[in-house]
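The structure appears right after this line, and notes come after that.
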Amino acid sequence: MSLIKNPLIIALDVDTIEEASVLVDKLSPYAGAFKVGMQLYNYEGPEVIRILKEKNVAIFIDLKLHDIPNTVAGAARVLTRHGVSILNVHAAGGKTMMREAVKAARDEAAKTGIDCPLIVAVTVLTSIDQEVFNNEVGINGSIQERVVLWARMAREAGLDGVVASPHEIAAIRKACGNDFVIITPGVRPAGVIANDQKRIMTPGEAMRQGATYLVVGRPVTASPDPAQAARAILEEIK
Ligand SMILES: O=C(O)c1cc(=O)[nH]c(=O)n1[C@@H]1O[C@H](COP(=O)(O)O)[C@@H](O)[C@H]1O
């Protein structure tokens, strides 16, 4: 969507509208979009979307919808009314769930004249490593194989793209083509702490692999100078 002016999406993982507003005011010159996830949305509700949109920034609503198809379709339909730029669902919810979500969002957009968000599927979370994937999540095979399978499935269901770690970007690009949107969290500038992220790369490496958008939270928002941290990432991916 045209409102997203560069590949850097900043994750607003804070509790309140006040904290989010401070970050947006500091970072809007450098961010292509801001991500509102389960922490901020579950405390402040849809009001946070309205207030941030008044600042004329693009919003990625990250609620990782995962439920039966009818329930996810209903959520995708009402979230579309907020006029967000990106919305996500879990690929693990299956193809019918994804297809119904896309249909509900597109129908609502056509009915209301609101732009339809890009709809993307979360694949294997970037905090999961191969051992946890096999032994705790309980899925056999490599993470990469699974991510590519789910990316193909998302594409067949009519989604615009996926969320995946930088490690799978090249394989997804090969399987799903150049127009497929790949949103990549698990991004850490060189020397920055990984926190709970397991499958990481630097911003420059992730873009060279073929990412469409990078999602970055703590390396920017927890920095003593968030604007400088964001500027440095933009410089690195130029
Ligand atoms: O869907 C997401 O955005 C997401 C998927 C994923 O696999 N990994 C992941 O970290 N994210 C989100 O991306 C952001 C990463 O934040 P930092 O680790 O602070 O950079 C968080 O808001 C996560 O919720």
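Glycine residues also receive a Cβ, built from the backbone N, Cα and C atoms like all the rest.
If you check TrEMBL, you get these features:
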- D62: active site, for OMPdecase activity (ACT_SITE)
- K64: active site, for OMPdecase activity (ACT_SITE)
- K64: active site, proton donor (ACT_SITE)
- D67: active site, for OMPdecase activity (ACT_SITE)
- D13, K35, 62-71, T126, R188, Q197, 217-218: substrate binding site (BINDING)
- 7-233: domain 'Orotidine 5'-phosphate decarboxylase' (DOMAIN)
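Considering only the recorded positions D13, D62, D67, the Cβ with the fewest other Cβ atoms within 10 Å is that of D67. Within the same chain, residues at least 6 positions away in sequence whose Cβ sits under 8 Å from that of K64 (active site, for OMPdecase activity) are M38, N88, V89, H90, V122. Annotation for G217 (substrate binding site): spatial neighbours I10, A11, L12, D13, K35, P185, criterion Cβ-Cβ under 8 Å with sequence separation of six or more. Looking just at the domain 'Orotidine 5'-phosphate decarboxylase' (7-233), the mean pLDDT is 98. In the three-state DSSP scheme, P69 (substrate binding site) is classed as helix. Filtering L63, D67, P69 by Cβ distance to ligand 1 (under 6 A) retains none of these recorded positions.
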